[in-house]
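Visitor: Not my notes, these are from Swiss-Prot:
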type	residues	note
BINDING	Asp10, Glu48, Asp70	Mg(2+) 1 binding site
BINDING	Asp10, Asp134	Mg(2+) 2 binding site
DOMAIN	1-142	domain 'RNase H type-1'
Amino acid sequence: MAGKVVMYTDGACKGNPGPGGWGVVLRYGDACKTMHGGELQTTNNRMELMAAIRGLRELKRACQVELYTDSQYVRKGITEWMSGWKRNGWKTSAKKPVKNADLWQELDAETARHTVNWHWVKGHSGHPDNELADELANRGVRELNGA
């Protein structure tokens, strides 16, 4: 397995649903890479998921990943809820279809390639890399509008 990667992810949405963006900060040793993008019609939760997917997809080899998100939806989904969803055919405990199942399945596939430790960080609390991921996600939204 390749080295240790530290990843910060964030999503943003102007309106929910509405135009949204995602941002990723990847750190490997002294190297830092940032990524961002957006979608015209989406939700905040979809952008939070997309940030994690795109960050993990960017890693070319299997890595030990310390992934930080300010989304309890993403962290709890992957660490607590997903095994039940998979067991229930992507249905919730209330027998309803899992929201964003397409992205949860993509995240599951990307996660399988790596050893990922999931961490929650309080958003907008001054952590530099979380703030940068937030800035990148908002840039993804702005660029949709040609700003």
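From the backbone N, Cα and C atoms, a Cβ is placed for every residue, glycine too.
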Visitor: List every residue in the same chain as Asp134 (Mg(2+) 2 binding site), at least 6 positions away in sequence, whose Cβ is under 8 Å from its Cβ.
Guide: Asp10, Ala12, Gly23, Asp70, Gly123, His124
Visitor: Averaging the per-residue pLDDT over the domain 'RNase H type-1' (1-142), what integer do you get?
Guide: 96
Visitor: Quick one: give me the count of other CB atoms within 10 A of the CB of Asp70 (Mg(2+) 1 binding site).
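Guide: I count 22 other Cβ atoms within 10 Å of it.
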Visitor: Which residues, in sequence order, are found in the same chain with Cβ within 8 Å of the centroid defined by the Cβ atoms of Asp10, Glu48, Asp70 at the Mg(2+) 1 site, excluding those residues themselves?
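Guide: Neighbours within 8 Å of the Cβ centroid, excluding Asp10, Glu48, Asp70: Thr9, Gly11, Met47, Ala51, Thr69, Ser71, Val74, Gly123, Asn130, Ala133, Asp134, Ala137.
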Visitor: Within the domain 'RNase H type-1' (1-142), how many residues are helix, strand or coil going by DSSP?
Guide: 58 helix, 47 strand, 37 coil
Visitor: Quick one: of Asp10, Glu48, which of the binding-site residues has the smallest count of other CB atoms within 10 A?
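Guide: Among the binding-site residues Asp10, Glu48, the lowest count of other Cβ atoms within 10 Å belongs to Glu48.
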